[in-house]
Every structure is written in structure tokens, then in C-alpha cells.
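Below: one structure, written as C-alpha cells.
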Amino acid sequence: MAAQGFLLIATFLLVLMVLARPLGSGLARLINDIPLPGTTGVERVLFSTLGVSDREMNWKQYLSAILGLNILGLAVLFFMLLGQHYLPLNPQQLPGLSWDLALNTAVSFVTNTNWQSYSGETTLSYFSQMAGLTVQNFLSAASGIAVIFALIRAFTRQSMNTLGNAWVDLLRITLWVLTPVALLIALFFIQQGVLQNFLPYQAVTTIEGAQQLLPMGPVASQEAIKMLGTNGGGFFNANSSHPFENPTALTNFVQMLAIFLIPTALCFAFGEVAGDRRQGRMLLWAMSVIFVICVGVVMWAEVQGNPHLLALGADSSINMEGKESRFGVLVSSLFAVVTTAASCGAVIAMHDSFTALGGMVPMWLMQIGEVVFGGVGSGLYGMMLFVLLAVFIAGLMIGRTPEYLGKKIDVREMKLTALAILVTPTLVLMGAALAMMTDAGRSAMLNPGPHGFSEVLYAVSSAANNNGSAFAGLSANSPFWNCLLALCMFVGRFGVIIPVMAIAGSLVSKKSQPASSGTLPTHGPLFVGLLIGTVLLVGALTFIPALALGPVAEYLS
């Protein structure tokens with residue numbers, strides 16, 4: 001079993017790096033504002049038709065464009081969901097959503113969280129899925145990538161006050177990165193058996209003679225960007241454990257690769273744009289070390305089995321509860337870590353049925369800020385915050401002003417870094433406390449004791465860190481939970497983006513200083529260890545007390 005797990009992890013990472021390297025080169029061209037070959041004419045026509053100016057923006061203008069697009073998208077999606085019964089492509093005649101569920105869903109998909117307090121096949125029409133959710137899957141992913149484009153330019157430009165043009169970046173990211181790659185993945189999914197149709201739900205007779213209604217829909221097109229954009233919201237309630245979304249072992253492997261593809265490629269792109277590929281490899285090493293350790297812990301915990309079932313005399317020591325037998329324990333464990341290390345949230349197994357330790361690791365990966373590969377764009381700019389913090393700590397230890405890539409990290413940048421890092425822990429801890437203090441919060445818990453608290457903590461952690469997965473034993477479709485989680489999702493997304501853009505605006509105006517004998521190298525194993533230690537230290541200090549009340553207490557009981 002150990003050999004199989006090692007081979008699975010090694011194969012996954014090897015194929016990932018092979019695919020991400022060339023994509024990283026393409027992203028580096030876009031960051032450097034170099035059009036991809038053959039796209040100049042198309043871009044010129046599009047920019048002229050849409051009235052888009054390619055004039056560069058300062059950080060406030062860039063941020064305003066990103067926020068404006070997302071707020072407009074939120075409003076459009078909200079009203080679309082409220083009135084979906086008036087819109088076409090609704091063969092099941094599904095009604096509009098309640099105001100609180102529509103708000104929660106709109107915020108969820110605009111913020112790249114894709115938390116779902118509903119069952120897709122019984123709640124949303126084909127039009128809502130396509131024109132509403134799938135469109136936001138593209139736009140939310142493009143927004144995250146655009147923000148990291150701006151931050152990378154801030155590190156590599158000198159004595160400037162502009163960070164690029166947000167509209168140009170968003171168009172290029174959507175047209176030349178997300179759309180073609182998602183199209184290829186969707187075609188592969190269709191070939192493997194993922195649904196792509198507009199048929200009404202089909203009534204069939206099962207082998208037992210019973211009648212069953214099979215849901216249909218344009219699944220493959222949404223499934224592709226759901227994974228590539230680290231969105232994670234399933235077309236069906238069972239998400240990627242549903243055979244109509246994820247029918248084969250090959251589609252499952254491709255889905256895992258798609259989740260990590262752009263976050264990995266952005267690390268390669270960062271190294272190229274910075275003029276030192278070792279900087280990108282340093283980030284990949286730090287992320288990969290944490291990732292491999294977490295996968296190993298989850299695999300070990302799930303292979304050991306559920307001690308309560310073993311005490312009752314169960315034959316198997318492997319915890320298969322809540323898992324698809326066609327995927328098994330090892331693949332389910334790997335997928336769980338992939339989807340929570342990135343801010344994806346898609347699932348092929350029920351995380352609520354994992355063992356106490358097996359469920360704690362995905363929860364902790366979200367709580368540290370989704371920085372282990374992370375979401376498209378958001379993972380890298382989240383990790384860059386920890387890089388700045390690690391550089392600051394190292395500067396304190398050696399008595400020098402901290403600097404990164406030749407740029408001095410001053411008080412303003414550190415205040416903004418601390419603010420950005422503290423946003424999501426504050427939301428998680430205060431949100432969980434509020435839920436446990438109120439009758440409306442506690443009434444949604446289906447399990448008592450430590451596991452019930454773990455379900456609450458997981459839900460708020462998932463929302464605040466824009467992941468979207470859940471411990472499913474929580475009845476979250478209520479006005480209290482829909483509003484609480486919508487607030488966590490919105491502030492967790494834009495409460496981090498705003499200080500990140502402010503940091504970018506501050507750094508882009510500075511000159512790069514040449515390295516001296518006292519400069520801390522930020523590309524070697526020493527800094528990799530320091531960065532990992534910083535991530536672990538912040539995560540441990542912030543969440544150990546809360547985790548002790550949930551999964552740790554459950555494990556010890």
C-alpha cells in the first residue's frame with residue numbers, strides 16, 4: 001500500500017511539472033505584455049470593438065476594474081438566480097431561488113469559492129448553470145490570475161507607478177489561457193463519457209424494476225473550467241464522485257492535474273519574469289514539500305481505518321466509508337488534499353466521513369490560506385505574502401532591512417502583509433464562534449460533540465478561504481448560514497486582494513538594489529525551510545486551539 005501511494009504521488013507530480021512548464025512560458029509572455037503568436041490581430045479587433053484602451057493603470061485603477069467587474073457579475077448572477085423560472089433552458093420547470101440562497105450562490109461563484117448550499121440537479125436550470133455559474137467560473141479565475149500578474153510586475157518593474165491594464169489582462173487570460181485549455185479538457189471529458197446535452201431528465205427502469213429519473217445537462221463544459229479555474233462547484237450534488245461528472249480513472253487523474261496546472265505554471269512564470277528561474281522553483285519546492293507530507297498523513301490515516309468500526313469487529317482496517325469503490329482510499333486521499341491545497345473544493349469522497357486526522361489535514365490546508373499551490377492566482381499571491389513575512393523575520397534575525405528580489409520591504413508593506421494574512425483567520429475564528437453562540441448556527445449541526453464542531457469549523461474555513469468543500473453533516477441552507485458564509489466568502493476574497501494590490505502599488509515604484517554579501521539568498525534550501533516554517537508557524541499558532549476542540553478531541557475520544 002505504501003509503494004502504491006508513493007507511485008501515485010510521484011506520477012501525479014511528474015506529469016504535472018511536465019505540463020505546467022510550457023504553460024508557464026506562455027503566462028510569462030502575458031505578464032511581460034507580449035502577445036502570444038498569432039493573436040495580435042484578434043486582440044486589436046476585440047479591443048477596438050469593445051472600446052478597451054490598452055493604457056496602463058496604477059494599482060488603484062487596476063483594483064477598481066477588478067472590483068467593478070466582480071460586483072457587476074455578482075448583481076447579474078443574483079437576479080438571474082432569483083428569476084430563473086422566467087429564463088429559457090429550464091426543461092424541469094425549476095423555480096427561482098430564495099433571496100438568501102441566491103445571494104450565497106452568487107457570492108460563492110463570483111469569489112471563486114463555489115460553496116453550494118443546494119443540490120444542482122434539483123435547484124438550477126441549464127441556463128443558470130451555463131450563463132450564470134460557468135461564466136463566473138471563467139471570470140473569477142481570470143480575476144485571480146490578473147491580480148498575481150500585477151503583483152509579479154510590481155516585483156520586476158522599477159521606479160514605475162503602473163501595473164498593466166486590467167481589461168487587457170482579463171481578456172488575454174480568458175481568451176488565450178482559460179478558454180482553449182478548458183475546451184481541450186471538455187472534449188476529453190466528453191470522449192470519456194461525461195454528459196453534454198440539453199435533454200430533459202430521463203426516466204429509466206432499473207434492473208430491480210423501479211423507476212428512476214436520471215439528470216441530464218451540459219456537464220462537460222462546466223466541469224472543465226470548474227477544475228482548471230479551481231472553482232469546484234459541481235453540476236450535481238455528488239460533485240466529482242458522480243459518474244456523469246467523473247466516469248473513469250482517466251477523467252479523475254486529469255481533473256486533479258487541471259486543479260494544479262495553472263498554480264504550478266504561475267510559479268514557473270514568476271521565475272522567468274523575475275529573471276531567475278530559481279525563485280519560481282523555490283516556491284514550488286516549498287509548496288510540494290508541504291503537499292507531499294499532507295498527502296502522506298491523509299493516506300496513512302485512511303488506511304489505518306476508523307477505530308470505532310474496528311472496535312465493533314469490522315473486517316477491513318481501511319476506511320471506505322464515504323468513498324467511491326472505483327477510486328479507493330489512496331486516490332480519494334490524494335484528491336482530498338489536492339482540492340483543499342488548491343482553493344478548488346471539488347470532491348470525489350465525502351470529507352465528513354474521513355477519520356479525525358484524515359479530515360483535519362484538508363481543513364488545516366484551507367486554514368493556512370490556500371497557499372500550497374492554492375487557487376489560480378490567489379494561491380501564489382497568498383504564498384508571496386508569506387514570502388514577505390519570511391524575509392521580514394530573516395531580516396530581524398540578521399539585523400538588516402528585509403528585501404526581496406532587490407526591493408526593500410518597508411513598514412508599509414509589512415503592515416499590509418500582516419493585514420492580508422490576518423483577514424481569513426479572523427473570519428474563520430469569529431464566524432465559528434458566532435455560529436456556536438447562536439441557536440440559528442447550532443441548529444444546523446447534525447452531529448453532536450467534537451465532530452459537530454468540526455463541521456462548523458470546516459464550513460467557515462472553507463468559505464473564508466474560498467475553497468467551497470464541506471463536511472456535509474451541516475444543514476447550511478438557512479438564512480443565517482447563507483448570509484454568514486456569503487459574508488465570509490466576500491471579505492475572504494476581496495479583503496485579501498485589496499492589500500495585495502496596495503503592496504503591488506508600493507513595490508512597483510521602488511528601485512531594485514544589487515545583491516550584497518549581506519543579502520539573504522531567497523532561492524536555496526535554507527529559504528525554502530524558512531518559508532515552510534513561517535507557513536507552519538502561522539497556521540499552528542492561529543488554529544491549534546480551534547483544531548484541539550474539533551478533530552484532535554475527536555481523535556483522542
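Cβ atoms are placed via backbone N, Cα and C, with glycine included.
Residues annotated as transmembrane segment in Swiss-Prot, with sequence analysis given as evidence: 5-25, 63-83, 132-152, 170-190, 253-273, 283-303, 329-349, 356-376, 379-399, 416-436, 484-504, 526-546.
For the transmembrane segment (526-546), the partner stretch with the most Cβ pairs below 8 Å, chosen from 170-190, 283-303, 356-376, 379-399, 416-436, is 379-399. Within the chain, the transmembrane segment (379-399) has long-range Cβ neighbours (under 8 A, six or more residues past its boundaries) at 147-148, 151, 230, 263, 266-267, 270, 283, 286-287, 342-343, 369-373, 409, 413-414, 417-418, 420-421, 496, 500, 503, 518, 520, 522, 527, 530-531, 533-535, 538.
Where the transmembrane segment (5-25) meets the stretches 170-190, 253-273, 356-376, 416-436, the count of C-beta pairs under 8 angstroms peaks at 253-273. Proximity of distant same-chain residues to the transmembrane segment (253-273), defined by a Cβ-Cβ separation under 8 Å and at least 6 residues beyond the stretch ends, is recorded for 12, 15-17, 19-21, 23-28, 31-32, 141, 145, 148, 152-153, 156, 177, 181, 185, 188-189, 223-224, 227-230, 240, 246, 279-281, 283-284, 287, 334-335, 338-339, 342, 344, 346, 373-377, 379-380. Same-chain residues lying 6 or more positions outside the transmembrane segment (283-303) and placing a CB less than 8 Å from one of its CB atoms are 1, 5, 9, 13, 264, 267-268, 270, 317-319, 329-330, 332-334, 336-337, 341, 354-358, 361-362, 365, 371-373, 380, 383, 387, 525, 528, 531-532, 535-536.
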